[in-house]
Every structure is written in structure tokens, then in C-alpha cells.
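Per Swiss-Prot, the features are:
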| type | residues | note |
| --- | --- | --- |
| REGION | 1-96 | region 'Disordered' |
| COMPBIAS | 1-15 | compositional bias 'Gly residues' |
| MOD_RES | Ser2 | phosphoserine |
| MOD_RES | Ser2 | N-acetylserine |
| MOD_RES | Ser21 | phosphoserine |
| COMPBIAS | 25-82 | compositional bias 'Gly residues' |
| MOD_RES | Ser72 | phosphoserine |
| MOD_RES | Ser77 | phosphoserine |
| MOD_RES | Ser97 | phosphoserine |
| BINDING | Ile125, Gly126, Asn127, Gly128, Ser129, Phe130, Gly131, Val132, Val133, Lys148 | ATP binding site |
| ACT_SITE | Asp244 | active site, proton acceptor |
| MOD_RES | Tyr279 | phosphotyrosine |
| REGION | 443-483 | region 'Disordered' |
| COMPBIAS | 450-469 | compositional bias 'Polar residues' |
Amino acid sequence: MSGGGPSGGGPGGSGRARTSSFAEPGGGGGGGGGGPGGSASGPGGTGGGKASVGAMGGGVGASSSGGGPSGSGGGGSGGPGAGTSFPPPGVKLGRDSGKVTTVVATLGQGPERSQEVAYTDIKVIGNGSFGVVYQARLAETRELVAIKKVLQDKRFKNRELQIMRKLDHCNIVRLRYFFYSSGEKKDELYLNLVLEYVPETVYRVARHFTKAKLIIPIIYVKVYMYQLFRSLAYIHSQGVCHRDIKPQNLLVDPDTAVLKLCDFGSAKQLVRGEPNVSYICSRYYRAPELIFGATDYTSSIDVWSAGCVLAELLLGQPIFPGDSGVDQLVEIIKVLGTPTREQIREMNPNYTEFKFPQIKAHPWTKVFKSRTPPEAIALCSSLLEYTPSSRLSPLEACAHSFFDELRSLGTQLPNNRPLPPLFNFSPGELSIQPSLNAILIPPHLRSPSGPATLTSSSQALTETQTGQDWQAPDATPTLTNSS
């Protein structure tokens, strides 16, 4: 499936023709990519031109997105193990390759500890301007992993690596190891991120239903979106903004419905008062303040993007399929109406004198199909707000009534499997917005001491299933690159 925005494309009922398929966004800088494993063919967008690793799973969406090179960040230099190349010369990157590759790698989490790691069955599963993604199998455990190989600027620490090393959550793809390797050119250094392998993406799952002319079952929409919001609540509590939320970066296991957020190549620790590039995030999912050129934005840009993903799953197509940066704003205005002067000021004060055509908001009930649950529409409208501070927080989204079915005892997946772990909250998660805990923790999991605490069995579930060691966000981030 080729990339780029569909021709036409206003939301249902707004007067412009729309395609019926899930379109791969054009994204930033470069042209839009194809579907997973596809080729680029869409129109260019607004952004910095970093191809998305849509993901470490069954395929790699090559849509481009904003953000600087993944090798941006604070000072520092490359690490150990740079004397060898990966894959080694002569290794056949085919499906049947039995060649074993051994590298000295550092554990992804915890103290820096190196060990030998052996791989086999190496094959390319995606590439882009960021580098290459391989699939491999750990020789010792036979576990599949994805290896993201990116060119490392020796002058900087790699921001993606620094962020991945501090994240530990059941809804975020885990960094197993990392190692450095040399390139073909002199002094060329590559960083290799060894990540857990997850077979599918929300993009591919949704496209499967669309191709079959089916609507994705609402229970999957609930399970996927809930886990996305939970992952956002966690990274935002760590001071990290993802800055490239889209269906291609949401990995899912089609059997268990576990979702994991991936591709932190555009992510950044946001610090109040420090400027950030607005040329970020794939076009269809860009918050309006980014289109307005804001540099003091907050993590609420991720919430807008998540709202776009929710709307896309409900509609079966992107809700704001802009053909360019300016057209992206037009698509948003066609649904939300012209922003008020105050809303514009909240997004970027420099635009308050700009004259916009006055367009009335399109009723949300007419944007979506008649059978769309009212709670889903209500949640969408609370996420897709012009004013960044008016959007729900990720945990407020988790507590929304749209997800009440997930908190009901006995709810199962359509394949009769149990729901994935949804309530194995760590103490850190429960401390983000404690006032919501009475809603977030289902009645059957509450302890007798009160609704804000989990039962001991649930607490054990937390410890065994997440392995989280939550900590407050760093007061003084070590990453100093201003992008």
C-alpha cells in the first residue's frame, strides 16, 4: 500500500470524498512511505525526514516523520565493541541463514554490564534514512529480537538509547541489549539496539479489517487505545514526550492483544522553558500547535496524536488526511471549526493577528458512523482539542467511561482469550494522578483498605508482569540538544 494522503479526504459527512482504506501518512520531510515493507510514493509532508521504524515487529512502515537524527542528544562518544561490523562480512541475510553472530553487548536496563550475545537467522525487515532493522534469533533462548542499526555521531550520546535505557513498562517495547559496530567507511560507528520482537502493528491489524471491508471490533479499539494511553501516562511521568505517535509505531501481539509503544527516535525529555523543534511528528497525527510552529509545546501533542489514532480506528481511515502542512490545518478546521483567537494564542501567540476563514465546527456525531458508541465519540472530542491544556491527560483517558467494559469482570477478547494485563499498576503509576485510582482499579481488584490500592495478589501481578522500578523524572536531564 503506497503512502501519502488520500485524494480529497474530509471526514465523513463534511463534503469531500474520502478513500476507504487506511492510508499511510506522508509524514515529514520526505515522501510518505508504503505500508509495512512498502516503498515510498506519497507526497512530502512537514517534518525532519526521519523514517519511522514502524516497527520492530512484522514489518516496517517507511513513512517519514519529523525529528532530528536519532543520534542527537547530549555530549559523549560511542561505546564499546566498535571494532566489529554487524552483520559481519559474508553473512547471508536470508530467511534460512544459520550463521551465528556473536557480539559483546551491554544490557539494556540497569547498570552497564557487558556480555557476549549470539544471534542467528539474521534478516532485514525494514530500512529508512535512520538505518536498517534486522530480525534475529537469540542463539541461547531461541527468542526473536529486532535489531535497529543507526549511524552514531561520535560527538553525541544517542538520545533514543538514553531514553530507552530508562523506560521499563509492560506497554513499551523493551531494550534487551545494545552494542556498537563499525561500518564500511573509516571511523564509521553504528549503534545497534536489540529490542524485543512483537509481530504486528496496529496499522497492519487495522488494514487487515479494512481490506476485508470490516470494522475493527470495538473491544480491540478499547484494548489497544487503553494500553496506548497507559504507556503515554508512564513516559510523560518520566518527562519524556514520544513525538511520533501513529498506528505504525504501536506494536501488537494479535493473539494476546498486548500493545507496546515503539520507535523512540523522535522522543525527547521536554524541559519547561527550553525550545523544541516544531518540525516533528508524522503529518496526519500532528497537533495543531506544531502546525502553528510552536516551540514551547508540551507532552499533550502525544495526546492529540493518540486522539487521531482512536478516530482512525473508529472511521477506518485517517480523520485529518492533509496533503501538506497547510492542508493538514484545513482538514482539522473542517472538523473542529476555526479556532478562536484565544485558542490560537494558546497554540502560538504569534498567529493571533492572522486572518482565518470562519468555518463552523462539524458535529462529532456526523463525523463518525451512526453505530459508533457515544462514549467513543465523547472521548475523541476530549482529546482533539485546540487548546493543549484542555486535552485529557493520558490517565484521565484511561479512566474514561469508554473503557469501562475493560474493568468489568469476565470481559474477554473475541478469540475467548483473557484480556491482556491492564491493571498491573506499579506504585509509580498509581502516584501520577491518585484521584483517578478509584476508577482505574476495577472493584474486583481493590483491597479492603480502600479503592486507591491494589489487592496483594494484584500487587504481585504488578511485580511479576512489569518488573518496573519507577522513579520520578530527572530534574536535570543530561540531554542538551535543543531539537
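In case you wondered, yes, glycine gets a Cβ from its N, Cα and C as well.
In the three-state DSSP reading, Tyr279 (phosphotyrosine) counts as coil. Of all Cβ atoms in the protein chains displayed, 21 besides its own lie within 10 Å of the Cβ of Ile125 (ATP binding site). When the Cα atoms are compared, Ser129 (ATP binding site) and the residue listed as 'phosphotyrosine' turn out to be 16 Å apart. Geometry remark: Ile125 (ATP binding site) versus Asp244 (active site, proton acceptor), CA distance 20 Å. For Asp244 (active site, proton acceptor) paired with Gly131 (ATP binding site), the C-alpha to C-alpha distance reads 17 Å. Here the Cα atom of the residue listed as 'phosphotyrosine' is found 24 Å from that of Val133 (ATP binding site). Reduced to three states, the DSSP call for Gly131 (ATP binding site) is strand. Residue annotation for ATP gives Ile125, Gly126, Asn127, Gly128, Ser129, Phe130, Gly131, Val132, Val133, Lys148. The furthest Cα pair among them is separated by 14 Å.
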